[in-house]
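Q: The ATP binding site annotation in Swiss-Prot covers 30-33, K51, 87-91, G415, 480-482, D496 and rests on sequence analysis.
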Amino acid sequence: MAAKVLKFSHEVLHAMSRGVEVLANAVKVTLGPKGRNVVLDKSFGAPTITKDGVSVAKEIELEDKFENMGAQMVKEVASRTSDDAGDGTTTATVLAQAILVEGIKAVIAGMNPMDLKRGIDKAVTAAVAELKKISKPCKDQKAIAQVGTISANSDKSIGDIIAEAMEKVGKEGVITVEDGSGLENALEVVEGMQFDRGYLSPYFINNQQNMSAELENPFILLVDKKISNIRELIPLLENIAKSGRPLLVIAEDIEGEALATLVVNNIRGVVKVAAVKAPGFGDRRKAMLQDIAVLTGGKVISEEVGLSLEAASLDDLGSAKRVVVTKDDTTIIDGSGDAGDIKNRVEQIRKEIENSSSDYDKEKLQERLAKLAGGVAVIKVGAATEVEMKEKKARVEDALHATRAAVEEGVVPGGGVALIRVLKSLDSVEVENEDQRVGVEIARRAMAYPLSQIVKNTGVQAAVVADKVLNHKDVNYGYNAATGEYGDMIEMGILDPTKVTRTALQNAASIAGLMITTECMVTEAPKKKEESMPGGGDMGGMGGMGGMGGMM
C-alpha cells in the first residue's frame, strides 16, 4: 500500500480554498449576458469554445492533490446541478465558493463548524420556501421563449425555436437536437416516438459525448418474448450484416449469449446494433410493441400470431430515419410506417379511451396516443464552422433543459435578483446559538454573490448595483446586465427557472457545508522521481576495480 500524506485543521481549509478558487475563477467569468468565453484544449481536434460552466469545470485537474480535492468537490456541485436542472451550473459554483470563503473565515475565527453548517442549512431551507412563494407559473409561449433566450446566453433565435418546438409537440413532447446543414437553426417535426427504456449494455454507446447509441436508417426488430438463445437470431443477423444497415432490437428481454453476441458484433463493427427492453408490462407491452410496429412499418415477432424468430426475414423488420438510445430512454425518429395505418391506429386508441371506465387505463391510453400522434420535434442547429456548431449545440441543449425546468416549477426574476429577494426570509430563521446565527449570515452574504458577479462581468461597480436592487420595494426590480438598465425583470424578459435557482442553492450549500466541516484530508504521497542516470550505480562499481589494482 502506498504511503499517505495527511493535512489537518486550518491547513485543510486553506488547501481546499485554493483549489476551489482556481476552479471557481475559471467558471465564474462565464456568468451573465456579458460573461466571457473559455477556450478548452482537446487532446485531438480543434479546441472547444464554451460559456457553459459545467463544461469548464469538468476540464479542470490541479497538480496539488489537496487543492485538487477541493476543486473536485465544487466540480460535483456543477455536475449535480446540471443533472438535476440542466442549467445554473455557474451560479451553483459561485454560491459554493462564496459559502466556503465566508465559512472558512468564521472557522478560523474560532467558531464551531457543525453549528455554522446547521445555520447555513436553516437559511437555505427558508430561502427555498420563499423562492417557491415568489415563483410564477411559466405557461405561455412568450415566457418559454424568454427563459430559453436567457439560458442560451441571450440568443433570441434559440429561445424562439425552443418555444415553437414546445408549441408543436406539447410541453411534455419529445424534442431532440441535431447538427444542421445550413447556417441558420431550423425546426422539423417528424413522426416519432420516445419510450422510457435505455440500452441494455453500455457497450452499445457510439456517441461518447452524449453517452448514447445513435443509429442512422436502422432496421427495427420487435420481439414479444425473451431472447437468450443466439441461434434464433443468427440467420437474421447475417442478412442484416450483408445489407450494411444498423439494427435496433426491442424485446421483452435480451440476456446471456444473445446479448453477448450483439455486443461483440457491435464492437467488431460487423453489425452496428443497440438492444433495449420493450416498454410497459403484460398486455400493455404487447399493445405498445404493436404501436411501434405500426409507426416503423414492421411486424411484432410473436408466437401467438405464428411468427418465429428463426423464420423472420428483413421484410418483417421495421425501419426509421434515426434512432437515439440513452441510458434512460429510446427515441425513434421518422418511422417508415404507412400514414394510413398510423391514422387508423390513432383512431383505434381514441375509441378505446372513450370506452374505458378506468381512470388509470385512460391515462395510459392517453400516453400511448401522445407518443403515436405527437411526433418528435428536431431542432437542427446551424453554424459556419464545427467549433461554432459544438458551442451552439451545447447552448441549445442547456436552453432546452432550462425551459423544461421552467414549465415544471415556474419562473422567478433572473439576473441574480431572486436570491436577493429571498434574503428577507432569513430574518425570521430561528437559531440556537451565536455560531448558527453566523451560519445564517454566511448564507445571506453568499446569496448576493451571483448578482455581484453578473454585474462585475459587465465592468460596472457591483456594490452600487447590489445596494440599489436590495433597497427597492418591488420584488421583480433588478438590473439588466445586457442593456445596463434598471427595471421590472419579468417585463424585460429576464427570467430564471425556479428549479434551476433552487437546485443551485441547495447543491452549493450541501457541498460547501461538508467542506467547512472537514478536519482532515488524506492523499497518496507523491512518488519520488528516479535519478536521471540509472546506469550511474554500475559505473560506481568500476572504482572497486581500481582498489584491486592497488592490492597487486
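Our numbering is plain: 1 for the first residue shown, then up by one each step along the chain.
Heads up, the Cβ atoms here are built off N, Cα and C, so glycines get one too.
Could you give the neighbours, burial and distances for every feature on this list?
A: Annotation for T90 (ATP binding site): spatial neighbours V27, K28, T30, L31, G35, G53, A78, criterion Cβ-Cβ under 8 Å with sequence separation of six or more.
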Q: Sort out the sequence-distant neighbours of G88 (ATP binding site) for me: same chain, 6+ apart, CB within less than 8 Å of its CB, listed by position.
A: T81, D496, V500, T501, T503, A504
Q: Using DSSP, would you call A481 (ATP binding site) helix, strand or coil?
A: coil
Q: Within 10 Å of the Cβ of A481 (ATP binding site), how many other Cβ atoms can be counted across all chains shown?
A: 25
Q: Relative to the Cβ position of K51 (ATP binding site), how many further Cβ atoms are located within 10 Å?
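A: That number is 21.
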Q: Sort D496 (ATP binding site) into helix, strand or coil using the DSSP assignment.
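A: In three-state terms, D496 (ATP binding site) counts as strand.
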Q: May I ask which residues of the same chain, at least 6 positions away in sequence, place their Cβ under 8 angstroms from the Cβ of G415 (ATP binding site)?
A: G32, L451, I454, G478, Y479, N480, A481, M489, I494, D496
Q: Over all shown protein chains, what is the count of other CB atoms within 10 A of the CB belonging to G32 (ATP binding site)?
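A: Result for G32 (ATP binding site): 27 other Cβ atoms within 10 Å.
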